[in-house]
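Noted in Swiss-Prot for the protein shown:
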{"type": "BINDING", "residues": "G132, P133, P134, G135, C136, G137, K138, T139", "note": "ATP binding site"}
Amino acid sequence: MNPTTKRAIKEIVVYALAFGCSWYAAHKLLSTLDPYRQKRQDTVSKSRKRLDEWAGEQVKELETLELNEYEQIVASQLVLPSEIDVSFDDIGGMDEHVNQLLQDVLFPLKYPEVFDTHGGLLSCPKGLLLYGPPGCGKTMLAKALAKQSQATFINVSVGLLTDKWFGESNKLVDALFTLARKLEPTIIFIDEIDTFLRQRQRTDHEAMAQIKAEFMSMWDGLLSGQSRVLVLGATNRPADIDEAIRRRMPKVFSIPLPNAEQRRKILELYLKKVPLEANFDWNGVVNATAGLSGSYIKEVCRSALSVPRRELFDKHGNDLEAIKYDIQSGGLRSLKTEDFYHYESLQNVSGIDVE
């Protein structure tokens, strides 16, 4: 090998090493300067753990699941069926809604081979909207549906799909739907959907407009296929949702304030393990809670039960050991009807003047 060739090879090696070192140094420097680097690493680590748990519960092979970086970020929002502590049995006064959800949504989602007949008219809808006043059980219904169906549940927040870098949000929206298809049957749940997919206006920021457009485009991909992915939204302001979004949610359930019969069932559900006086006036309490949502009724029950508890504190002067012994030995008296008419039990919770 002549000297000229040797010199050329040496120069090539030196340039290659210099380029490699420069690239590595620049990469490390940019990674260090990136304020979201650690957050992304933590998110990916969390998503891997969630996917391992998901694979264990769904009895599926995780090795065959290929996810990109954005799908891993979305996977961090997975909620496992075993983590949901709500079932349809825990929801009082909604028998009609539960039956409709079972027949129109859950069974077609869980058994597509039975319902994907008649031109797909009996298949699971791709969109479902629950609307009604706050505290009436919309989120509980969504969780119970995921629990009962054993479907993959992705809890979507606006923060998950928004990124300060141009184009990143669109990739996250794409990842949401591609991941949902890979893990189907899947329920994509968006609470307070009106804050994210509200009516489009000329004053909307360009980035948010692109996110909405990408969301609807990917959603249309579900509508044209046989995937078992359901977009489930909950809101107390349905009129604020974009018309194009509402069109993609053919199933709409109104969850109003409970009537007298429903309030009775809700009260019975919350008080089923609470000892009551022999002549407890169910009708009186039902009438007193008129106009209250299910969550308010729960607070009324909680506050009513605090009345006999406070009596024990007054009796023992905050002696916790004596109070503990008294409660364990049955010293906590039965709940009385008048406990519900106590100022803190009803007036403070609902704003109703019961005097």
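Here the Cβ of each residue, glycine as well, is placed from N, Cα and C on the backbone.
This view paints the features noted in Swiss-Prot onto the structure.
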| residue | record | Cβ within 10 Å |
| --- | --- | --- |
| G132 | ATP binding site | 18 |
| P133 | ATP binding site | 12 |
| P134 | ATP binding site | 10 |
| G135 | ATP binding site | 19 |
| C136 | ATP binding site | 25 |
| G137 | ATP binding site | 26 |
| K138 | ATP binding site | 24 |
| T139 | ATP binding site | 17 |
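K138 (ATP binding site) falls within a helical segment according to DSSP. In the three-state DSSP scheme, P133 (ATP binding site) falls into the coil class. Compute the center of the Cβ atoms of G132, P133, P134, G135, C136, G137, K138, T139, which mark the site for ATP; besides them, the chain residues with Cβ within 8 Å of that center are A234, N236, I255, S293, G294, S295.
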